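As structure tokens, the structure follows; a few thoughts come after it.
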Amino acid sequence: MWFLILFLALSLGGIDAAPPVQSRIVGGFKCEKNSQPWHVAVYRYTQYLCGGVLLDPNWVLTAAHCYDDNYKVWLGKNNLFKDEPSAQHRFVSKAIPHPGFNMSLMRKHIRFLEYDYSNDLMLLRLSKPADITDTVKPITLPTEEPKLGSTCLASGWGSITPTKFQFTDDLYCVNLKLLPNEDCAKAHIEKVTDAMLCAGEMDGGKDTCKGDSGGPLICDGVLQGITSWGHTPCGEPDMPGVYTKLNKFTSWIKDTMAKNP
């Protein structure tokens, strides 16, 4: 599981270690500069942890399995290791994972039949509002179901190979097809529910993985999913990835934001 490998990497690595084996886009391409202004880099201390999505000046949405402590975020980044004057740094004042996510699964490093990774969402409240600019912009939540067969864009930082973990400093994008959930249910022993989306290429070669977790899945121009879990090595044939289906959670997201002004 992607996030189990992420947890092990963080457990074994030091705070100031190089970025762990976690995030990657397989079979993708370098995103056009500033084309994903809502994409957020979530850090634990100085170590890249996960992706995220800016929903409004005060709130970032990411995956619950990215839960940790001492967060900070970078907004408007294209390259994680270059000084970019347009980028913004913020600390996180509060992390609110979805109450339905089973946190105990983060500590289990083996796969079991019918494990349920539902509700893999977490809201991060920024200590200071983001400044909305050409390079830092929020993205709205979906109002309708995504259509099967849609072309979806996922993005993230990290290795661009499925097994050698050759990291890229730049934000990478990949086009994925929205597939029937039955395809993911056949591929994985874990539970696939109607609160999840299935996306990838059945022929293999294109995928998201590990610390790409928490990043956006944008289908036909609309934010529809958050990268959650899948098979390792990533990009294998008949092994599409699984994403949290956001239109099932818009009420929880909006209510949580309203209750924590």
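Even glycines carry a Cβ here, placed using N, Cα and C.
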Disulphide partner cysteine [Swiss-Prot] for C219, chosen from C66, C152, C173, C184: C152
Spatial neighbours of S213 (active site, charge relay system) among the disulfide-bonded residues C152, C184, C234 [C-alpha, 10 Å]: none
Rounded distance in angstrom between the Cα atoms of C152 (disulfide bond) and C173 (disulfide bond): 10
Rounded Cα-Cα span from C66 (disulfide bond) to C31 (disulfide bond), Å: 23
Within the region 'Segment C' (112-164), residues counted as helix, strand or coil by DSSP: 0 helix, 14 strand, 39 coil
Those recorded positions listed as D120, E236, and which of them has the most Cβ atoms within 10 Å of its own Cβ: D120
For the disulfide-bonded residues C50, C66, C152, C209, the one whose C-beta sees the most other C-beta atoms within 10 angstroms: C50
